[in-house]
Amino acid sequence: MPEYTLLADNIRENIVHFDPNGLFDNLHTIVHEDDSQENEEAEHFNYDQVLDKSLLSRGSIVGLGLGLMSPVLGMCTSMAIGLINGGPLTIMLGFLISGVCIWFSSLSLGEIVSKFPMELHVGSAMLAPEKLKLVCSWYTGWLMLIGNWTMSTSITFAGAQLTISLILMTNSNLISEAHLIFYTVIVFYLVVTVVGLVNLKFARFIETINKVCVYWIIYAIIFIDILLLVFHKGKFRSLKYALFHFDNNLSGYKSAFLSFIIGFQQSNFTLQGFSMLPALADEVKVPEKDIPRGMSNAVLLSAFSGVIFLIPIMLILPDNDLLFTNHKVLPIVNIFTKSTDSVVLSFFLVLLILGNLLFSGIGSITTSSRAVYSFSRDQAIPYYDKWTYVEPDSQSKVPKNSVVLSMIISYFLGLLALISTAAFNAFIGAAVLCLCSATFIPLVLVLFTRRRAIRSAPVKIRYKFGWFINIVSIVWLLLSMVSVCLPTQVPVTFKTMNYALMVYVFCILVITGLYFKWGKYNFRLPLADDIKAPIPSDAEETVFELEDSNVEHTLNSGTTVKESVENNSEEGFIKVHPKSSTENPFEENEENVITDYGDEHHTAEQEFDLADDRRYDI
């Protein structure tokens, strides 16, 4: 009689050593340049390091990113969008396409963050043409900030809705239809308060919390999938149905293609949070490598785990007619109860999903508060000194005022739900619009420079893939923005209309007005460590190593010049344009006199002496 084994011997021996991060790193070797490439150079900026540089590791960035892009929480709370606009095909294929395209977007954004390891408005400032630096940086920063605030609100509010659904599972009459939104907002306020207090009082545990997040999501997926398959009472759907069935009758759209495009909203709400991670650059030891790799690994892990999570749900999916009978609870709750015919088991499954809420909520407040801090350092926000304040004797080095501001914004947006659910949903849709457009600006600027500006980035896409991945990313961002603006069902009423575009336009107008009222006179461009003249595309940098503060440089003309330079660079290098190397660098001319700050003129030697006190238009 043959001997049967559950797993092949080689799999059993090696499965305990399986590391998903290692698998994703191997995948990155296909699209990324070799890490050992020469001439790696990340831009460093002359800001005082106030936050804890060792607070987060690359693994913690992956965990925080997975929390922001949790397929368990995100796909479950927005399941109605996919079910109405096509069902399994829209959900599964839409998530796969979104996962690949958003991974491309994370790779493209990772190049910029690797070269300019700060929040995205910094990268836009460094990439933009001279006359547009201030404007590009301003719009990128504000769109990213608004996107952070609204995405944080959408995550916590979705969790509050799921909590109410959990309460109503046993008795749907506990809360009346008239008071449903009121109690949802109360739960929302509680969630925001809890995750905010964790950021204020227990920030030193965020590293551990982010790592636990990965394990929670993975085990939640395993438990939910297995329990659904084991305790399913009806007939299983075929694999063909689970992957390719399409029915958009509930949407009212005659066009199947349009319904499919609208279905991307579900995946975009889930996966767009990757662009919030660069705000954490001040709290990572090696941000030029850890942020890009952590960001793309988080997208891959979220997409991969999301597919595994969704397939069993599609296999036990009840008919749509049974899923929208009770509008007080989310469709995912009806899926569990109709499939298992057990309130107790369904209650446990929803609890596993709600566990993600804690990690996602904490991470969203963390990133939004750091976006406030980073943008305020350049005086972009009124009362910027308050938002950048960090208690010098605090153990965790957290910008507490920025955390409180992010909580207040969430509280305010939550009030909109009491006034109008359509208005609140519009702000949630605007979250994706703002994040997409804030990512769009620096990506377009990279193509505008023909990718020369990121040539020496420590993490860089291989040349043969770079243009393709950048262009696909830009097209995807535009498609995502169009998708989010469309109503999920037609015909529309005043209550069901999608007002996301109107809110987005309103945000643009406010940002523009604030620019002319405040930004034009107070906002300052990011301050780099050293002064660099513009480098033409056909020129290469000449790099001189400074052994100490007094060095003799022999110029091309044979002239020896002694320079006394205060070296602020960590690497100890100063870059000199080869075209200018034959000239006396301390002689005033059109190239070395900075005239952007009034009528006062300084030579290059004086500018080095003032490097710690002034900001430069890079």
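Cβ atoms are placed via backbone N, Cα and C, with glycine included.
Keep in mind that this is a model prediction, so the values were computed, not measured.
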Please verify against Swiss-Prot: do Leu56 and Pro487 share a side of the membrane?
-> no
Candidate set Ser364, Ser394, Ser569, residue annotated phosphoserine in Swiss-Prot | Ser569
Take the topological domain 'Extracellular' (318-342) and find every residue of the same chain, 6 or more past its ends, with a Cβ under 8 Å from one of its Cβ atoms.
-> 76-77, 79-80, 83-84, 87, 161-162, 164-166, 168-169, 172, 175, 177, 180, 227-228, 231-234, 247, 250, 349-350, 353
Counting only residues at least 6 beyond its ends, the same-chain positions whose CB falls under 8 A of a CB in the topological domain 'Extracellular' (487-498) are 80-81, 84-85, 250-253, 262, 265, 421-422, 425-426, 429
Going through 91-110, 180-200, 298-317, 426-449 one by one, which has the most CB pairs that fall under 8 Å from the transmembrane segment (343-367)?
-> 180-200
Tertiary contacts of the transmembrane segment (61-84), defined by C-beta under 8 angstroms and 6+ residue spacing from its ends, are 21, 90-91, 94-95, 151, 155, 158-159, 161-162, 206, 209-214, 217, 220-221, 224, 248, 250-251, 262-263, 265-267, 269-274, 276-277, 280, 284, 290-291, 294-295, 297-299, 301-303, 305-306, 309-310, 320, 323-324, 330-332, 335, 352-353, 356-357, 359-360, 362-364, 366-367, 488-489
Verify whether three or more Cβ pairs under 8 angstroms connect the transmembrane segment (298-317) with the transmembrane segment (180-200), leaving out any pair fewer than 6 apart in sequence.
-> no
In the topological domain 'Cytoplasmic' (172-179), averaged pLDDT is 87
Sort the residues of the topological domain 'Cytoplasmic' (232-297) into helix, strand and coil with DSSP and give the three counts.
-> 47 helix, 2 strand, 17 coil
Proximity of the transmembrane segment (499-516) to the transmembrane segment (132-148), 3+ C-beta pairs under 8 angstroms | yes
